[in-house]
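Structure first, then comments.
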């Protein structure tokens, strides 16, 4: 049985530090006053998948022989991946973001980074660095995607996924492993789930709103409870996935279809069976609301509810509700398609 970390006889509640470019969470002094770069008005930029986002970086002066380097901070390996380097006249793009990034260049002091067709993996922390000999300085910004976190387990059942399996499972459902910050935000918005799951940094958590016996007991405080870092190959849990806005449309086909017939019904309409992440996205961003259970690509049957009502199972909360993984031969459900 997995053991939870304890603190003063209470379950450890992990609260993310406030994001700040002025002071670290430990209270260390603010960095020296910037000489060439302007502090951004806001340290976070919010966007959605498929949109175009601009991370601001503006110079107050142009030193001689300077360069500006944009990079993405990767906390998992304590490194930075260079995205673009410019000397004001010429620039060079690097890495997988290369085809989708450019400098905004709205004026000669503007070194802001524009990312087109924002993808789920673009979320994170970025650094704009002025390289000028001994006078290097930088500003940091965070790109946040609006989206939804959902717990996921495969048809094989509860606690079957090691870290690589969890990462792959989310990607197969048109999503990615959620970050801890995304899971924490989802908890503040009402996510309540007993089963522990992997998040992107390789730690394992579960969010509890209503303390209850099957979830550690009634006396324990609500919060995002943690198992901490686990062995990514040996330990097995569920996954917490994150998805954002769709570039497409999810719709329902009524019928009494088995799984194979449901897949063919979607193909007959020039579509494919919807993935779990696509159904969550349609529920979150398009307010898809149906009482009808429908097959999805992974073999599960689910239905999205935005307005709870008595004749929709009497469920008290909105959400994407699941019938699990019925036999694929059953002819009871319709299907959700994506095009």
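Cβ atoms are placed via backbone N, Cα and C, with glycine included.
Marked as signal peptide by TrEMBL: 1-20.
Marked as domain 'Ig-like' by TrEMBL: 32-140. For the domain 'Ig-like' (32-140), the model's average pLDDT works out to 91.
Residues or ranges marked as domain 'Link' by TrEMBL: 148-243 (among others).
Around residue 215 (disulfide bond), the same-chain residues at least 6 positions away in sequence with a Cβ under 8 Å from its Cβ are 194, 206, 208. According to TrEMBL, the feature disulfide bond maps to 194-215 (among others).
Per TrEMBL, domain 'Link' is recorded for 244-339 (among others).
The disulfide bond annotation in TrEMBL covers 291-312 (among others). Cβ contacts within 10 Å of residue 291 (disulfide bond), excluding its own Cβ and spanning all protein chains shown: 13.
Residue counts of the domain 'Ig-like' (32-140) by helix, strand and coil are 9 helix, 48 strand, 52 coil (DSSP-based). Of all the Cβ atoms in the protein chains shown, 15 others lie within 10 Å of the Cβ of residue 312 (disulfide bond).
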